[in-house]
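Engineer: Shown below is the structure under consideration.
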Amino acid sequence: MKQYLDLMKKVLEEGTAKDDRTGTGTRSIFGHQMRFNLQEGFPLVTTKRCHLRSIIHELLWFLNGDTNIKYLHDNGVSIWDEWADENGDLGPVYGKQWRAWGSADGRHIDQLTQVLEQLKGDPDSRRIIVSAWNVGELDKMALAPCHAFFQFYVADGKLSCQLYQRSCDVFLGLPFNIASYALLVHMMAQQCNLDVGDFVWTGGDTHLYNNHLEQTHLQLSREPRALPKLVIKRKPDSLFDYRFEDFEIVDYDPYPGIKAPVAI
């Protein structure tokens, strides 16, 4: 994950001081891309321990179309707590948009099911896309989508994915985002009988919060270790039937975790 550390260093050295919605302040660059060959290992940051349980359960929660934090709480995940209302609801965030995008004529469009059908029936299509950026519902969301738009691409029997992330918290959020979408590519590839290719991450406003700078310097002092491997223990009947226990990360040898406050 040297490219992740290189990005942190770039933001520190070249970033512009900017105000932000949370009032914390950031150092920010605009427009950055990283490519991870998923054949070479699972891109889980090793220079600090990442909470894999949260990554997996959050993705399963998205895939189920859920927008209430009860499932997350039931599974020991608290990463969405700060944005939920008193009933645990977040409004029409990722799960709603991925699984039940509301059309102008009143239909609910299951974008993920459509993508699976395209990958199996028309893998050369240039329209294999999922968007969470529903302009008509942004004002109802507890938090506008940060990872907003992703596209799949099939070549030589391998499935690749590119994500556009309009806003990126490099220290806290980005390791989760990279691992989450890499996991999704593995799941999609298994369902479509494809090998995994690349995960391409593209960032818009790519920033370090001012209260994460000390932690960033600590992380940059650590030498990256070998990437772990992902094992999927079974092939469910559909993308929506995976369970937490289906996944195992082997040979993950990270440095200790580094705590940092979340900007809300």
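Glycine is no exception: its Cβ is also placed from the backbone N, Cα and C atoms.
The structure displayed is predicted, hence computed values, not measured ones.
Grabbed the feature section from Swiss-Prot, which reads as follows:
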type: BINDING; residues: R21, R126, R127, R166, S167, C168, D169, N177, H207, L208, Y209; note: dUMP binding site
type: BINDING; residues: H51, D169, A263; note: (6R)-5,10-methylene-5,6,7,8-tetrahydrofolate binding site
type: ACT_SITE; residues: C146; note: active site, nucleophile
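Could you tell me the structural context for the features on the list?
Structural biologist: DSSP classifies Y209 (dUMP binding site) as strand under the three-state reduction.
Under DSSP, A263 ((6R)-5,10-methylene-5,6,7,8-tetrahydrofolate binding site) is assigned to coil, being neither helix nor strand in the three-state scheme. Under a cutoff of 8 A between CB atoms, and with a sequence separation of 6+ in the same chain, the neighbours of A263 ((6R)-5,10-methylene-5,6,7,8-tetrahydrofolate binding site) are D20, T22, T24, D169, Y209, N211.
Around C146 (active site, nucleophile), the C-beta neighbours below 8 angstroms that are at least 6 residues distant in the chain are Q165, R166, S167, C168, D169, G173, N177. In three-state terms derived from DSSP, C146 (active site, nucleophile) belongs to neither a helical nor a strand segment and is classed as coil.
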Engineer: For the binding-site residues listed here, R21, H51, R127, H207, which shows the highest count of neighbouring CB atoms within 10 A?
Structural biologist: H207
Engineer: Specify the secondary structure state of D169 (dUMP binding site) as given by DSSP, simplified to three classes.
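Structural biologist: Reduced to three states, the DSSP call for D169 (dUMP binding site) is strand.
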Engineer: How big is the Cα-to-Cα gap, in Å, between H207 (dUMP binding site) and H51 ((6R)-5,10-methylene-5,6,7,8-tetrahydrofolate binding site)?
Structural biologist: 21
Engineer: I'd like the number of other C-beta atoms within 10 A of the C-beta of Y209 (dUMP binding site), please.
Structural biologist: 23
Engineer: Taking the residues H51, D169, A263, which the record names as binding (6R)-5,10-methylene-5,6,7,8-tetrahydrofolate, find the longest CA to CA distance and state it in Å to the nearest whole number.
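Structural biologist: Greatest Cα-Cα span of the listed binding residues: 18 Å.
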Engineer: Using only the Cα atoms of R21, R126, R127, R166, S167, C168, D169, N177, H207, L208, Y209, which the record gives as binding dUMP, return the largest interatomic distance in Å, rounded to a whole number.
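Structural biologist: Of all Cα pairs among the recorded dUMP binders, the widest measures 36 Å.
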